[in-house]
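A.B. asks: According to TrEMBL, the feature transmembrane segment maps to 33-54, 131-151, 188-208, 220-237, 243-266, 286-305, 372-391, 403-424, 430-449, 458-476. The domain 'DUF1736' annotation in TrEMBL covers 311-383. Per TrEMBL, the feature repeat 'TPR' maps to 499-532, 533-566, 601-634, 703-736.
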Amino acid sequence: QIFNQHNAEAPNLEQAFHRMAQMEPNLDHDVSWFLLPSYWAKMVVALISFLCFANSYDGDFVFDDSEAIINNKDLRTETPLGDLWYHDFWGSKLSSNTSHKSYRPLTVLTFRINYLFAGGFYPVGFHVINIILHCTISVLMVDVFSILLGGLQFSNKGRRLNLAPKSSLLAALLFAVHPVHTECVAGIVGRADLLCALFFLLSFLGYCKAFKENKEGHTFSVFWVLVSVVLGAIAMLCKEQGITILGLNAVFDALVINKINLLELIRKLLYKDKSLESAGLLRKGLLFRITLLMCGGASILYIRWRIMGTGPPAFTEVDNPASFADSLFVRAINYNYYYSLNAWLLLCPWWLCFDWSMGCIPLIKSVSDWRIIALAALWFCLIGLICQALCSEDSHKRRILTLGLGFLIIPFLPASNLFFRVGFVVAERVIYLPSIGYCILFTYGFSLLSKQAKKKRILAVAVLGILLINVMRCALRSSQWRSEEQLFRSALSVCPLNAKVHYNVGKNLADKGNQSAAIKYYREAVRLNPKYVHAMNNLGNILKERNELHEAEELLSLAVQIQPDFAAAWMNLGIVQNSLRRFEEAEQSYWTAIKHRKKYPDCYYNLGRLYADLNRHIDALNAWRNATVLKPEHSLAWNNMIILLDNTGNLAQAEAVGREALELIPNDHSLMFSLANVLGKSQKYKESEALFLKAIKANPNAASYHGNLAVLYHRWGNLDLAKKHYEVSLKLDPTAPGTKENYNLLRRKLEQLQKKGG
């Protein structure tokens, strides 16, 4: 039998269970579920959590991974480690007005270690660590749920007892296979939530360890209380939610350790009853421990505030439209609707999306909106649970419901918009920790149903079915997170009104060269959000490349009108105006872009091209030199300098610039080619030949490389080699300009030589 079987463990453990059963009802008594030894329970949880997300191990870098990892200079060895403590999660300075203020240096440090061990940006190592972290957290959940559901009891030998082995296993399995966790596990930036959860749980278990009995009788360890505070600080350095564990430790202390009846305490406070000792406030050092937790939390928050340097981050209306509503009523209604959506994702995690902003969830502006029903349902359930948690005569029910609500609500508070504006509407990653509370409430509800049900096996099979469906949903969702194309397309059916979803699908198509399809999605993104400047900029770029210059100009002009400091759009507008031969306007657009982004090498490069077209050679060289100063590996700028100096007869200067460029970018074949041309004209044939051959080795299918090497041999008098490379060049590109004429000249010369020899 697999349900309701008796545990054949050591006699002292059974005695402990018996003592606990005498003190209060045992949750496991009514639960029809598997009963496994602790070691096997943890192995099962680890294995199932691994199976859920294993197929994400070889996924790509997707969505926010690009900014947080690939474009984050804090991962590279040339960035001092100390900079991590002054930069945000995305690598920007915390003191910057553009910083998101997401301070997670320990998470970034793990990314950096991943990068160093992998020897570059190879996503497999990053994904494997995420999967291991989730498995570890799920295993720890067995211990955490055994305490939350069964209470904190120790054997005579000081070993903590699992007084709810069946319930804790069920709750841990529910947590391990919840599909809403996919974003945290399969998305590499979810590492922040995983690390935060790991130290969050370790802080809680450390706090529990403070109450282990010693030879002097029941007391507590200040050391372990302080350890839990330190672990809470580490959790916060992984992600901001980590600080909430200190509040939960205090709640656990009051309810489980001191067995305080909250309703009774409220009554005593209302009636100004001074017998606080009987209410439990001073019992067993509770007040002292809460003071330690409060002081620790206040110190952590103060240090965090000092490091931030400036005020909160500046988010835009599209990130969180409800927070920009003028009416307090509209803000309150929509915040509560967002809470109900988060609750629904926990209850029914079927419709999942990588991004819920930009019109995905239209604002509720009046009470006639049918979605008000969701708010009413949420608060009906919450008020019912709160009333039971406060007023029930069953102390066991009060404790479990209060802990369940505490773990559901308190870790969610930083994302609730109550204390500060957040940069999202709904985010699946922020309910990784609150899902602990959901699992507690689900398990307790299952135990109540089991108690009432006549056919408990059917109920257990139903829960097994839910777990199996969640496992399959996790596997499916993990596969969608393997590539950006699958991830973005999966969101089209969930959030068809989300402009960012259409934008990302379009961007992915454009990156793959499918410009026609990309245009369709970019246009839809602009239709859904007429102020979406990034979509306008990208659409304008594609239209520019397709020579649809007038529409491109309209889009880019509108983008800079909506966002005057959008440097990229100003630069692209300048490129379009240059193509339309409106040179003065183009120059003005370039300088406006540089005004808004001082270090903009690509803009200096395009400005140099404009000056070259206008025969302002000195200005062109200066612009390209600025580009290479800002970005020493800017190959195009170096090449243009060499070519311009070559074309104007400044061979010595061109040679000097070419050698400087190759020192910085030694493996760039285009620079080798340009410098080889200069050396050939300077009659340094041997060195020129070596560079041509090196360039051809790096890029053997470039017809111009073979053609120009043939010209060098032609000048040098190596006619057979010249003939060979002319023929290779013509084979690669039969229409190569000048090559056929040079080849014909060489053939006539060879025929003449043969006649003379004959």
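Every residue, even glycine, has its Cβ placed from backbone N, Cα and C.
Tell me about the setting of these features in this model.
C.D. replies: Within its own chain, the transmembrane segment (33-54) has Cβ neighbours under 8 Å at 2-7, 9, 130-131, 134-135, 138-139, 141-142, 162, 165-170, 172-173, 176-177, 182, 185-186, 460, 463, 470-471, 474-475, 478, counting only residues six or more beyond its boundaries.
With a cut-off of 8 Å between Cβ atoms, the residues of this chain six or more beyond the transmembrane segment (131-151) that come close are 20, 24, 26-28, 38, 41-42, 45-46, 49-50, 53-54, 56-57, 160-165, 167-169, 171-172, 175-176, 181, 184-185, 191, 194-195, 197-198, 201-202, 204-205, 208, 252, 256, 399-400, 403-404, 407, 436, 439-440, 443-444.
Remote same-chain partners of the transmembrane segment (188-208), defined as residues 6 or more beyond its termini with a Cβ less than 8 Å from a stretch Cβ, comprise 61-65, 68-69, 89, 104, 106-107, 110-111, 123, 126-127, 129-130, 133-134, 136-137, 140-141, 143-144, 147, 152, 160, 224-225, 227-229, 231-232, 234-236, 238-239, 241-242, 244-246, 248-249, 252-253, 411, 429-430, 432-433.
If you look at the transmembrane segment (220-237), the same-chain residues 6 or more away from its ends with a CB under 8 A from one of its CBs are 103-106, 195-200, 202-204, 206-207, 209-212, 243, 245-246, 249, 284-285, 289, 292-293, 296-297, 300, 304.
Only residues 6 or more beyond the boundaries of the transmembrane segment (458-476), in the same chain, are considered here, and those with a CB under 8 A from a CB of the stretch are 3, 32-33, 48, 51-53, 55, 170, 173-174, 177-179, 181-182, 349-350, 446, 449-450.
The average per-residue pLDDT of the prediction over the repeat 'TPR' (499-532) is 94, rounded to a whole number.
According to DSSP, the secondary structure content of the repeat 'TPR' (601-634) in residues is 27 helix, 0 strand, 7 coil.
Non-local neighbours of the repeat 'TPR' (703-736) in the same chain are 669, 673, 676-677, 680, 685, 688-689, 692-693, 695-696, 742-743, 746-747, 749-750, 753; each lies 6+ residues outside the stretch with a CB under 8 Å from one of its CB atoms.
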A.B. asks: Which of 286-305, 372-391, 430-449 shares the most C-beta pairs under 8 angstroms with the transmembrane segment (403-424)?
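C.D. replies: Highest pair count goes to 430-449.
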A.B. asks: For the transmembrane segment (243-266), could you work out the same-chain residues 6 or more beyond its ends whose Cβ comes under 8 Å from its Cβ atoms?
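C.D. replies: Tertiary neighbours of the transmembrane segment (243-266) are 147-148, 151-152, 200, 203-204, 207-208, 211, 228-229, 231-233, 235-236, 279-281, 283-284, 286, 289-290, 293-294, 296-297, 300-301, 389-391, 395, 398-399, 402-403, 406-407, 410-411, 413-414, 433.
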A.B. asks: Within the domain 'DUF1736' (311-383), count helix residues (DSSP H, G, I), strand residues (E, B) and coil residues, in that order.
C.D. replies: 36 helix, 0 strand, 37 coil
A.B. asks: Going along the chain, which residues at least six beyond the ends of the transmembrane segment (430-449) come within the CB cut-off of under 8 Å?
C.D. replies: 27, 30-31, 141, 144-145, 148-149, 167, 170-172, 174-175, 178, 180-181, 184, 190, 193-194, 196-197, 200, 241, 244, 342, 345-347, 385, 397, 400-401, 403-409, 411-412, 414-415, 424, 459, 463
A.B. asks: Can you work out which residues elsewhere in the same chain, 6+ from the ends of the repeat 'TPR' (601-634), have a Cβ less than 8 Å from its Cβ atoms?
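C.D. replies: Hits for the repeat 'TPR' (601-634): 567, 571, 574-575, 578, 583, 586-587, 590-591, 593-594, 640-641, 644-645, 648, 661, 664-665.
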